[in-house]
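Peer 1: If you look up TrEMBL, you'll see 524-711 marked as domain 'STAS'. Positions annotated as transmembrane segment by TrEMBL: 75-97, 103-121, 128-147, 175-201, 208-229, 249-273, 285-306, 343-362, 374-391, 411-431, 438-457, 469-493.
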């Protein structure tokens, strides 16, 4: 279609509005004040049958969705999905236990208990609750720091390594640390849910989470390499721990167990290959191939038949006791030691789970409650902590299995928990010959999706370099400093980018598209004109204490002069002119007297002119050559329009500076108008006392076009482009070229000796 071939037009005829006239014409009313805290508490605590049922359904979402559960349509799909997911949960739980540095059986517990609580309290129908490699690694780093493999003590000047008791003692102490940290994580999440602060997770942007999880995947990979190779390494935690672990691995690589290495590499290759087949033919295969289950069963059988443990020294699972460990309370003495790491783990676990839940909620058209999710995961983790389990979240791969196999609700989750229960009670001992390198291989194979996030970096660079910097900075910080400190560093860097972007906002000079009321950046269009004698300045950011100086700098660059410097130079020129007149070297105007101009300071801190003797009629054209040797900057505009349509708020510092800026322009004869302010911004201006006798609400206009039309009318009617305000009448005082004017600032008169532009 040719340009303008079928363009549609609209025509509007309305008055030119400034804010006061618009409010009067539209009968502005005051907003109703919200109900008091007491009223809200009374209403929330009020008891009625409907309100009680609604509150019960909100606290226990299972009551709501189970009452509407379509058994005939959904039950069979949930059963099939639950069986498939349960097999994956069992194996991933055992595998992820290696990341926590505890026995695989505790991974089975961690795959069972959180599902029970989430079934009752969760709002997502599709996520599979259980261990997540990133949170497992964060817990594992704390476990290794508090209960290392080979603790050393200093005897005299010699460091002596002592065994940390028996293997059973080591395991007991480690699971105590892991379960205690899990309880603290749960308490943090419950507290955040009760305080309704689920919105805080929004500060973890997608680039930050992407960089963090990619770095976490690298940490997981390095931690599993030593298990695949079956080489001894020291326990490292904190900054540069990943590099220290790699040094240990390569130092002891000569001790690699070939049987474990072969089993691990085969597991990685087979699992990744079959997962690719599942992905490629997902629409043709009714149920994804449970490759982790098949590989695990086959590897356990081979290990049992060949006796890899005794013949080749392979590292195997060895012991999976039937049943559950007795519940035990957390060690409260460890609370302070795990406090910081627990908070970061709580935030990461919740952020990952909610992100995955939102993806499937959008896909299947239902909503999740972020604060209820905090309560669900928090109580799940508290329960896990009392039953020798570790932190629960969700894993994208496991959730994808539950959804892709037809899961419709958390009934599939309960069925998967029943399958895990069967493994714990009856089938666990069959997996005792399984090599740990096979479990490590399963963990590494499931990291592919996290590592592929690196491919997003080039597109991020093209789309938004700031987001790319956040991704890279977070990833590097987490690799070098560790996951907890690295996440904090990435968050600080992200917040810094936000501050910097608002501290140095995008500002522009606007022009008019001919024949329209549209105003755009002068640099972006060819068919655009600048309004003669008017500068239109737009700031695309909130204006506050951190960017007000930058705002003034950009405004000065846009108008092409410094209003304060212009004022001082004009005063200097006027003083010299008066001296020349007094000495008789310069002819004053007819009827004029002799005047000496002195300077004073008004209440706003501005320099003003005062007559020491008598008023003189001096008319100066500042655009022409002056009779004195003073270089006065040229002022080629008579009006300035500030477009605040993109300004969301002002603070007290910004308002004070803005008032001074307006007065600086007014005293050199440049009118200032502000356009595009919404009602909330105007209320904020009023509450921060922007307006006074000089800076009035009359300078506010609904739009840039309203302000421009008003300026043109003022110029056409020969009235001043600078409305001089009389303090008593508060009305503009018109003046012409022939008149000598007195402008009043805080009861201090100042002579204006210039021609209007």
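Just so it is clear, glycine is given a Cβ too, placed from its N, Cα and C backbone atoms.
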Peer 1: Which one, 103-121, 128-147, 208-229, 343-362, 438-457, has the most C-beta pairs under 8 Å toward the transmembrane segment (374-391)?
Peer 2: 103-121
Peer 1: Report, as numbers and ranges, which residues of the same chain sit near the transmembrane segment (103-121): CB under 8 Å and 6 or more residues beyond its ends.
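Peer 2: Answer is 59-62, 89-90, 92-97, 129-131, 171, 175, 178, 317, 319-321, 324-325, 372, 375-377, 379-381, 383-384, 387-392, 410, 413-414, 416-417, 420-421, 423-424, 428, 431, 439.
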Peer 1: On the 0 to 100 scale, where does the mean pLDDT of the domain 'STAS' (524-711) fall?
Peer 2: 82
Peer 1: Is the transmembrane segment (175-201) close to the transmembrane segment (285-306), in the sense of at least 3 CB pairs under 8 angstroms with a sequence gap of 6 or more?
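Peer 2: Counting Cβ pairs under 8 Å, fewer than 3, so no.
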Peer 1: Looking at the transmembrane segment (469-493) and the transmembrane segment (128-147), are there 3+ C-beta pairs under 8 A, with each pair at least 6 apart in sequence?
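Peer 2: As far as Cβ distances go (cut-off 8 Å, pairs 6 or more apart), the transmembrane segment (469-493) and the transmembrane segment (128-147) touch.
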Peer 1: When you look at the transmembrane segment (75-97) alongside the transmembrane segment (411-431), do they share 3+ Cβ pairs under 8 Å, ignoring any pair fewer than 6 residues apart in sequence?
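Peer 2: The transmembrane segment (75-97) and the transmembrane segment (411-431): touching, yes.
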Peer 1: Flag the pair the transmembrane segment (438-457) / the transmembrane segment (175-201) as in contact if three or more Cβ pairs fall under 8 Å (sequence separation 6 or more).
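Peer 2: These two stretches do not touch.
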Peer 1: Look over the recorded stretches 75-97, 128-147, 249-273, 343-362 and say which has the most C-beta pairs under 8 A to the transmembrane segment (175-201).
Peer 2: 343-362
